[in-house]
Amino acid sequence: MEKKDFGEKPSSPPSSLQEDGFDQSSETEKNSQFSVEDSPIEEVRGAVPPTDDTSLPTATFRAWFWGIVFSAAISFSNQFFWFRKNPLTIKVLVVQLLAYPAGRLSASIVPNWKMTLFGQTYSLNSGPFNVKEHVLITVMANAAATSFDAIDIIVVQKLYYNQSWGFGGGFLLVVTTSILGFAFAGICHRFLVRPASMVWPINLVNATLFHTLHREVPKAVAQAEKSVRGLSMSRNRMFLTVFAISFCWYFFPGYIMPVLTSISWICWIKKDSVLVSQIGSGINGLGILSFTLDWSTMTSWLPSPLAIPWVVQANMLAGFVAFIYIIIPAVYYSNAFDSKLFPMYNTNQYDQWGNAYNRSRILTPEQFLDESAYEEYSPVRITGFFAICYGQGLLALGAIVTHTVLYNGKEVLDRIRSAKQANDDIHARLMDHYPDVPHWWYAALFVVSMALSFVTIVVWPSDMPWWALIIAVIMAFVWLLPIGIVTAITSQQPTISMITEWVYGAIAPGHPIGNMIFKTYGYLVCKQALLFAQDLKLGHYMKIPPREMFTFQIIGTIIASFVSLGTTQYLMNTIPNICTNAAYPFTCPNAGLFGASSVIWGLIGPGKFFEAGTLYNPIAYFLLIGFLLPIPFYFLARKYPTSWVAKINIPVVCLGLTPYPPAPTSLMSTWVALGFIFNFYIKKYFKAWWQKYNYVISAAMDSGVAICGIVLFFALQNNEIHFSQWWGNNSDSIDECPLATANWAGVDAYA
């Protein structure tokens, strides 16, 4: 068995690592703690060993078999339950857990038969189930578990615009957006995967779980165990203990006592007050002093609080406080944007009198905008909160561009000249032992998927000219790197959804279907590319041969495209009145946001929404402010490199508002509190304990909630077995803030 490592030390890592919140040890500290080179990032040292066993078999028969089985199963399950009133999302973490006993079982019962294919001899049983096979199964399933937003568009086309492309057109739309994203991820590998500074912190939780299950201990943890008392409990035992606690606890917020998802105690003082409900509600309001005791609520909208560095969390908290506790209340209670006509917090559309917007009144039979009907009826209105969210999105996009140029420009230029750099860490150099994926593979993927994309929009009624596809794909590629850098630091992905909708809305206003298709090839290609890049980084940490990662990801994506679309077509063709209350429980709660966006950006168009003299015109200037805002902080950081101001990251500050709405505002206080306890206090004062257990606890919490959620759904909720009605599960108002959905006058137009 051959294990490889290196003894030479790398040159100093880029200074951007410290600015991004990832700790680096000094050279003296590294020399005293590690006998061989390790990662310059402390978080990585505690999760990923700096070694590689090149003798382990990887793309084995059982890896392929279980990868395909789990990919098909998770794709079908997630798409089927996407249509239900209470959607169930089975996370890939469940596959990561189930694949371990499945692989071990295969290793013990499958005979060691040999077969020859294309001159190569293969074995049905390659010996003990190993961690690299486990990673490949999980990666394939993750490619399949990813939500295909293109399918959301297919559903919205039929629901709102009475249009269907059939299976062929739908399949091409789904698969081309995904494969284009994969091609872009490969092209940006040298920028987003290879550098040590691109940590992708959520992968550290997955890597820790792999090593815990396979009983592999990183050097930093082994050193700590020898030198510090109180670390006698093994990682496996800690995982099982926390898993059991998490599993049992989730019965309360998930079934018995949903009020724990948002404890908005201010509302208990005066339930009949609109002001108190708006301020105190953690579900439909500002969530001031509210909090959650539901791990699932936090990790459904934000990464695990134990996975993200404290400096990143502090930046996001600053943005959250600035927007939600200061700017939005000032906008609402000053009645800017006519805010008091509408509730505090939602994504709905209204007319100018505060009633629900009736989009059917402004549509022609061909599903275009009827200009005269629009003028006779009413302009679209949205809540002040939602308007500021649009502004925040523009602010973040501008800040990301400027920040990338100022802070990462030199490293990007160096990587353009050469993928390999002198400061590459141990993990990058270990990966150099494997043949890389040739550039022409990614180029071929790009050419084929672009050709099929042209076929898709020309043959089927996309309401989009062929040249618009080129603009959309260029936008996805241009934004990929700056957004990818922020995502690699925070595991929270900014979105270019708004900017793609805005561009096509300017090109062809009044064409909602074309706007959605343009958005698919702009925003969704970028999103898919970053999801693939995240998995490529996991393979990088786990030392998976790049060509096998390539193959498993592609196959997983194609399987998921067939299964997800087939499930969608079957349900939409066999369930009468699907996505309405008449088809309960198949009410499609997730379809609404795409429909809302298609109205604002596609049907109405940004010209009517943001042009000079309109109510929402000031929002457009947030983009310019975003371009300018990082500049003074950059020069302050250069002048005071050791002060707190050097840790301010404007794009990350802007992410503080990213999941809101529809995420509950109550989650931020608990998320930040846990981050402070684990990633600041414990890490600072009990570092050895943190190195050994932090990511294990995070993985165990995720796993317990995921498994309990599946048990609750299939055993109870799916069979309409509900817990007895009591104060803790008030269905009318879970957080006991009954007027949070009303406007200032106490009226809820959507009630």
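Note: Cβ is positioned from N, Cα and C throughout, glycine not excepted.
According to TrEMBL, the region 'Disordered' annotation covers 1-52.
The feature transmembrane segment is assigned by TrEMBL to 63-83 (among others). Long-range contacts of the transmembrane segment (63-83) within its own chain (CB-CB distance under 8 A, at least 6 residues past either end) are made by residues 89-90, 92, 94-95, 98-99, 102-103, 106, 133, 136-137, 140-141, 143-145, 147, 151, 552, 555-556, 559-560, 563-564, 567-568, 571, 578-579, 586-588, 590, 713.
Among the features that TrEMBL reports, transmembrane segment is placed at 165-188 (among others).
Cβ atoms under 8 Å from those of the transmembrane segment (276-295) belong to residues 246, 249-250, 252-254, 260-267, 269-270, 324-325, 328-329, 332, 343-346, 664-670, 673, 701-702, 705, 734-735, 737-742 of the same chain, restricted to positions at least 6 beyond its ends. Taken from TrEMBL, the feature transmembrane segment applies to 276-295 (among others).
The feature transmembrane segment is assigned by TrEMBL to 307-333 (among others).
Look at TrEMBL and you will find 382-407 (among others) tagged as transmembrane segment.
Positions annotated as transmembrane segment by TrEMBL: 439-460 (among others). Among residues of the same chain six or more beyond the transmembrane segment (439-460), those with a C-beta under 8 A of the stretch's C-beta atoms are 165, 169, 172-173, 175-177, 179-180, 182-184, 186-187, 466, 469, 473, 517, 521, 550.
Annotation source TrEMBL lists transmembrane segment at 466-489 (among others).
Using a Cβ-Cβ cut-off under 8 Å and counting only residues 6 or more beyond its ends in the same chain, the transmembrane segment (550-571) has close neighbours at 59, 63, 67-68, 71-72, 75-76, 78-80, 83, 136, 139-146, 148, 151, 154-155, 167, 170-171, 174-175, 178-179, 182, 186, 437, 441, 532, 535, 578, 586. If you look up TrEMBL, you'll see 550-571 (among others) marked as transmembrane segment.
Among the features that TrEMBL reports, transmembrane segment is placed at 583-603 (among others).
Sequence annotations record features per position, and here TrEMBL assigns transmembrane segment to 615-637 (among others).
The transmembrane segment annotation in TrEMBL covers 665-682 (among others).
For 694-716 (among others), the entry in TrEMBL reads transmembrane segment.
Of the recorded ranges 466-489, 665-682, 694-716, the transmembrane segment (307-333) has the largest number of C-beta contacts under 8 angstroms with 665-682. Packing against the transmembrane segment (694-716) from elsewhere in the chain are residues 46-47, 81, 86, 88, 90-91, 93-94, 97, 204-209, 212, 235, 238-251, 254-255, 295-296, 299, 304, 306-307, 678-679, 682-683, 722: each is 6 or more residues past its ends and has a CB under 8 Å from a CB in it. Among residues of the same chain six or more beyond the transmembrane segment (165-188), those with a C-beta under 8 A of the stretch's C-beta atoms are 148, 150-151, 153-154, 157, 437, 439, 441-443, 445-446, 448-450, 452-453, 455-456, 459-461, 473, 476-477, 480-481, 484, 517, 520-521, 524-533, 536, 550, 553-554, 557-558, 561-562, 564-566, 568-569.
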